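Engineer: This structure is in structure tokens; I'll ask about it shortly.
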Amino acid sequence: MRTRLAGTSEDGHLCPVEAPFPNVDFLLHQQLQQEQDVYANSTTNATASPPIAPTSVLPRPSRPSQSSAAERTSPESPSVRQSPTKRDRNPGPSSISGAGPLNLEHQSPSQQSQNQQQQQQQQQQQQQQQQQQQSFYARSRRSGNFNWKLSHSRNGSIEKPPPSFFSSSFSHSPSTPPLSLGAPANGAAHSKEMEKEEEQKFVGKRPRIRSPWAITFVTLLISILGIGFLALVLNSSFTRHIDPKGCRMSYMRPGYAKFDDFDTEHTRFASKYSLYLYRELGIENDAKVRGVPVLFIPGNAGSYKQVRPIAAEAANYFHDVLQQDESAVKAGARSLDFFTVDFNEDITAFHGQTLLDQAEYLNEAIRYILSLYLDRTRSDRDPNLPDPTSVIVLGHSMGGVVARTMLIMPNYQANSINTIITMSAPHARPPVSFDSEIVKTYKDINDYWRRAYSQQWANNNPLWHVTLVSIAGGGLDTVVPSDYASVESLVPDTHGFTVFTTSIPNVWTSMDHAAILWCDQFRKALVKAIFDVVDVNRAAQTKPRADRMRVFKRWFLTGMEEVAEKTVPSKDPSTLLTLEDNLSSVIAQGERLVLRSLGASGAVRAHLLPIPPSGSPEAKRFTLLTDHKLDVSSESGRLEVLFCSVFPMQPGQAVAGFAAQINLAGDSSASTRLACNNAASDVVTLPASLRSSQYPFSKEGEPPKTHFSYLQYDVEDIAEHQYVAVIEKTHTPTPGFVIAEFSDVSQSHRTRHISLRRLLAFGMKFRLPSSRPMVSELKVPTMQSSLLAYNLEISEQNCGKQQELFAPLIRQYLTEPYESKFFVNAREAAVSIHGVAPYVPPPLKSRSTEDGLSFQFWTDPTCASNINIKMSIDVMGSLGKLYMRYRTVFAAFPLLVVTLVLRKQFRIYDTTGVFISFSESLDLCLRQSIPLVLAFLTFLSLFIWNSSSSATANIWNWANVTSGAIDFHQNDLLIGTQDPFFWFLVPVIGLICVGICTVFNYMTLTLVHILSTAVSLLSFRPGWIRNDERRKALPLPAFYPTSPRRRMVTTAILLVLVSTLIPYQFAYLVCCLVQLTTTVRAQRLASDLRSAANSNFYNYVHSILLLMLWILPINLPILVVWIHNLAVHWLTPFSSHHNVLSIMPFIILVETLTTGKMVPRVNSRFKHFTSVLLFGIALYAAIYGVSYAYMLHYLVNLVAAWLAIVHSTSDNWSVLSGIKHISCTLFDAGNTNNVGGVNGTNNTMLAEDCKMRKEP
């Protein structure tokens, strides 16, 4: 058997060559020399058959030539060039340039006879090749109604080579070996003429075949700009506007008791999950329950041991403080029994079914926990107390979402949960939308909560007694954007709120995703708040909902919010203050009280400030600031503040109703009695701001810092009182200060209406006059977005010869959600907020036009100097805000670029027959389609943002059309914000994605070339094989034919596994690996045997590989969940990820490409379907890709299905081939019965096709 090294098709096109690697040029030269000898021998024999064309040429890509004369190379050159316009069906003798006539006179007759026999064998072999080509053309030129143009195949050899180690298990090919096809065979003359006309029509238009590594200046420049912009974003994110870390370490002595009897009789997940009870060793040494049940739910890939910092603090706080406080025990305070769940570090952020499984398990766990308190052998609880009926739930990260999910599950026990506290939990939307199940689960949960709180009557609200507090870590949390922790779109402010750790008194620091569990300052505040809502005297184990909300606001909010309740107006007088009847202690109306030290008089002294009447035209506000702690009633401290009214006591009237009495009149009969309320319960704790202050918190290893005490009341809140009494209780001189005053709200509050564009261009300046009040407030309504960062600068306050009482203190704050940040010793401040964020649903209560970022400035009013304040947008700092808010964009938006590039490749290929490289197509797209699409999306975003018609909005949010209701999906589109100021984000993200796609393309090229080089080195043939003349003729390991049955069996096995055991994401990963293998093999062949056909196929499979790799991140999270479940021996299949239709097109397409078949060209109207499909996917990826990223897999799956259909039209085992077989059967039956036949040309073509299909 003789192996053909190269040849030409009937139309003159060059076929791919197979030769042993790596001595291709040497073997080619040897074969050409042999064929010259054969041709020379044939010329000396008059009876010899006509000469034939040489059969061994190695084509190389060249520019199309307009000349009709074919170029031929010398034997030393390994290539032959032919004009694409010269189509010679029966080529004559081919002359070799540079080869003169050969001398045959010295040959013997036996040698001449041997040469003649060899020539006859070559003629027979060529005739067989021509017959096979004609048969293949006849079968493939009429493939249904699609009007394909068959492309070049991959492997030019018609002999089946031996298997190679590099051949994939998916490497199959049809029984008929692929050939290099150009024009139709001799079957029909009119088909040949049509091909000639079409070829002449597009000749000169074919693009020049360029290297896949080539890049134009335009593409390079745009890619550098995109990558540079991405580098600026990343650099800004990690270097600018970084909140300082202030958490102190916590310590504990953990112990865990596992409940082994909570088994499969209680829940079907008992073999996967476990329930534990935490015990602080040294304090709680047994496993009996005795207090209030609290359930901790770990987050995504979290551990049950993460409960230990909070549980340890609770055990120590009750043991050291509350247990010794009889009033607290009488009020219902008891120890906390912390239960925790071992989820085997389940991954819930990416998989909705896992989230539902955990919620189902936890409901059964709560049922079991409550039953423990009924078992006297396992409970050490006071029998006089009611049995618990509910559990307090703490959730971290996704554990907080699981906690809310429990209430919508069918196995939820009514009223078993009434208090939920979550930490860094993404309530507003899923962290990623790669799984359809988690997107649906989030929608079901949030819709249920919104629907419950929209009920008019409490009886119709199943969540009426539930309170939800969401605590966010702030800017240091880089795992989940803290914007997603907002619950303003889920619950009204009567049932829950969102607060940031920077707002919590005595915490005042941001925290990362894990530190929020072990931060010492925060866990102390959290534990105290939990103990404050506990009441074991009630079966619910907690106080009523209204009282719980009041407690949470007091512990977690600053106390200066509008919702903060003041206790002074609602309390009865508790202190009786007796003063002399002289007016020396009364401050004149409108004057300010300033004390630079305490105890200077050596005795207790009272300072009275008259309270202005509430009916005055100018609104007044009382403020007091001191660096001393305010005493409660009957406490022996240094300073006490009272709100007093004249007490008209009659002679002999009892004064026993007062808890404390302060007598400053002595034995004087001329005295005034005042009934007073103590203001210590309303005090606001502020961080101390001195010249030595750097941070509002104390860092690890630093001694605790002193704090400022601040009081703030509107006159209406204290209108029932007549005086504010400031009592100096110390008898010895003590350093410190007190400033108290009544100020006009009009002077202390300012609102600046300035557009963001003007703020960006010119900044904003304002001045605090020398006659300013102690506290000034500034509100800027336009500053709401989380995407902007600001710089604030404040000038020095000049106090002259007087000593400065305190350094400037600044508080920035938002009201929805509750976020406050403090800047001590402020000279400048880096301002960033978590306000209106991309993709976050709008709140239940619409925002006021006056809502926005606000600032409070505490400055020393005794310094008679102006203070200038300047504010500007920090452009570089704002770039860093894009990282956390738009990370998921880069899983969807680059698909816009890839699909547009692939669309351009197919359009050029269908027109010219050349499948250009990805980089060349990207260059063409950057000159037209990509800018146009980005411009269209930009105008579309402006149209959606500025549309005031709800009907127009419903066009895009068709899944959430509710008349008269809030559209909670209005921020799901495009870049997720309705602020037209950010219109430029669409082209900026597009620019970055172009750079990312370019880098990713070259990374893939590099990987493919590295693998190709590695395979070439591993397959290097040793010398004893290279010197074997018979082994030299073995072809390269390329694309080998395999039986269709084997291909179908392999596909069927994969589909069966997907439908039963493995998720389709695993099969998709396998497809990507096989496609990578195919690309490596195509690259080897394209580099070893240079031809247009090889380059076309390599560019094609490379682009398909890039498309599949961009979808891979969407499928990997589910695959990770599946592998994790296998690791914990949980073999229950995913019900939501076994749809074979989600992977079958990919398997078929990848199987087809392993055979080396190039996709046929489409010249009919169906070629527009490819363009429309890819363009539609590009638009979807840009508009809906972030919110519904899981849909991108299904859309690309449609592309794979369409390409598989296109491939099947030229495949001899395709469905269309089966239709042809049926047509041939009917044709034969019609001829036999002499009925139903067809006439004319169609009859001849069908008969020829059926005849050739019957030939072996």
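Using the three backbone atoms N, Cα and C, a Cβ is placed for every residue, glycine included.
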Engineer: If I look at Swiss-Prot, which residue among Asn235, Asn946 would I find recorded as N-linked glycosylation site?
Structural biologist: Asn235
Engineer: For which of the residue intervals 353-373, 521-541, 1130-1150 does Swiss-Prot record transmembrane segment?
Structural biologist: 1130-1150
Engineer: Rounded to a whole number, how many Å is the Cα of Asn235 (N-linked glycosylation site) away from the Cα of Ser397 (active site)?
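Structural biologist: The separation of the Cα atoms works out to 27 Å.
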Engineer: In the same chain, which residue numbers or ranges, 6 or more beyond the ends of the transmembrane segment (1103-1123), come under 8 angstroms Cβ to Cβ?
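Structural biologist: For the transmembrane segment (1103-1123), the sequence-distant neighbours (Cβ-Cβ under 8 Å, at least 6 residues beyond its ends) are 346-347, 349-351, 354, 432, 434-435, 891, 894-895, 898-899, 901-902, 905, 918, 921, 997, 1000-1001, 1004, 1062-1063, 1065-1066, 1068-1069, 1071-1072, 1075-1076, 1078-1079, 1134, 1137, 1146, 1149, 1153, 1189-1190, 1192-1193, 1196, 1199, 1203.
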Engineer: Where among 882-902, 1053-1073, 1130-1150 do we find the most Cβ pairs under 8 Å to the transmembrane segment (929-949)?
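Structural biologist: The listed stretch sharing the most Cβ pairs with the transmembrane segment (929-949) is 882-902.
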Engineer: Please identify the stretch among 882-902, 1053-1073, 1130-1150 with the greatest number of Cβ pairs below 8 Å relative to the transmembrane segment (980-1000).
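Structural biologist: That would be 882-902.
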Engineer: Could you tally the C-beta atoms, other than its own, that fall within 10 angstroms of the C-beta of Asn235 (N-linked glycosylation site)?
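Structural biologist: Excluding its own Cβ, the number within 10 Å is 14.
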Engineer: Are there residues at least six beyond either end of the transmembrane segment (1130-1150) with Cβ under 8 Å to its Cβ atoms? List them, or say none.
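Structural biologist: Non-local partners: 170, 271-272, 351-353, 435-437, 1051, 1054-1055, 1058-1061, 1063-1065, 1067-1068, 1071, 1074-1075, 1078, 1104, 1108, 1118, 1122, 1193-1194, 1197-1198, 1200-1201, 1203-1204, 1207.
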Engineer: To the nearest whole angstrom, what is the C-alpha distance linking Asn582 (N-linked glycosylation site) and Ser397 (active site)?
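Structural biologist: Cα-Cα, rounded: 62 Å.
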Engineer: Once the DSSP letters are reduced so that anything not helix or strand counts as coil, what is Ser397 (active site)?
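Structural biologist: It is coil.
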Engineer: Could you check what DSSP calls Asn235 (N-linked glycosylation site) once collapsed to helix, strand or coil?
Structural biologist: helix
Engineer: Count, for each of the recorded positions Ser397, Asn582, the other C-beta atoms lying within 10 angstroms of its own C-beta, and report the residue with the smallest count.
Structural biologist: Asn582
